[in-house]
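Trainee: Sending over a structure as structure tokens; questions will come in a sec.
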């Protein structure tokens, strides 16, 4: 099965990434990706886009040549309280909010601190998807995080990039996360975490983890555009309402 949705990509606006929106659209057409989110790093990262970048994402068209675009952010979890670096009414203008730990913003400390910070971010109501929770630099109480994600309707990401170019040693943690998500009823999503358009929709390694634990694929948010759009609507993102008619032929 091909998965036509990618929730995690970075553009030239994050200056350690190398592609434009146009590049992603071209690759999406080649690969059969029907919906992707542009989610550049939140402003607290040293080379992140300016705050205005996210405010002005509204200028992006909803669909180009049959490919839908979600306007989003990969925010930074900043502290033990689970606060992120994007706020206020501006959050409600975005279609999708990802958040995770990044060393320049929230240096690794200990398992209890990481767990508390991640669970507080989940409970905040501001974050739709927790990115790369399997990062071995940030050990967490996996069962506690998965339970919170299930309770608060937040998805946990199995990050494909973690097995290829960064966060080496993530396999065991990601397998444990997928198992806990299955057992506790949490939602999973695969993210390419593309920093160059060629890797858009690349889920091979993440999918192997999901298949190994027999996680139900009908709960994967990547399974269809409507599956993700329905999830985001339930999360309170009314901004995606104008995308939904464009996928009226889709089966969630």
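Backbone N, Cα and C atoms are what each Cβ position is placed from, and that goes for glycine too.
Copying in the features that Swiss-Prot gives for the protein in this structure:
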{"type": "BINDING", "residues": "8, 10, 74, 193", "note": "Zn(2+) 1 binding site"}
{"type": "BINDING", "residues": "16, 41, 195", "note": "Zn(2+) 2 binding site"}
{"type": "BINDING", "residues": "74, 102, 132", "note": "Zn(2+) 3 binding site"}
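Mind mapping these onto the model and telling me what they sit next to?
Mentor: Counting only same-chain residues at least 6 apart in sequence, those with a Cβ under 8 Å from the Cβ of residue 193 (Zn(2+) 1 binding site) are 8, 9, 10, 131, 132, 159, 160, 161, 162, 166.
Under the DSSP three-state reduction, residue 16 (Zn(2+) 2 binding site) is assigned to coil, being neither helix nor strand. When other Cβ atoms within 10 Å of the Cβ of residue 16 (Zn(2+) 2 binding site) are tallied across all protein chains shown, the result is 12.
The DSSP secondary structure for residue 132 (Zn(2+) 3 binding site) is coil.
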Trainee: Around the Zn(2+) 1 site recorded as 8, 10, 74, 193, what other same-chain residues have a C-beta within 8 angstroms of the site's C-beta center?
Mentor: 9, 39, 40, 41, 98, 131, 161, 191, 192, 194, 195
Trainee: Report, as a single number, how many Cβ atoms besides its own are within 10 Å of the Cβ of residue 74 (Zn(2+) 1 binding site).
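Mentor: Counting Cβ neighbours of residue 74 (Zn(2+) 1 binding site) within 10 Å gives 30.
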Trainee: Taking the mean position of the Cβ atoms of 16, 41, 195 as the Zn(2+) 2 site, which residues outside that list, in the same chain, have a Cβ no more than 8 Å away, listed in sequence order?
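Mentor: Not counting the recorded site residues, we get 10, 14, 15, 17, 40, 45, 47.
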Trainee: Setting 74, 102, 132 aside, what same-chain residues sit with their Cβ within 8 Å of the center of the Cβ atoms that define the Zn(2+) 3 site, listed in sequence order?
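Mentor: These residues sit around the Zn(2+) 3 site: 41, 76, 98, 99, 100, 101, 131, 193.
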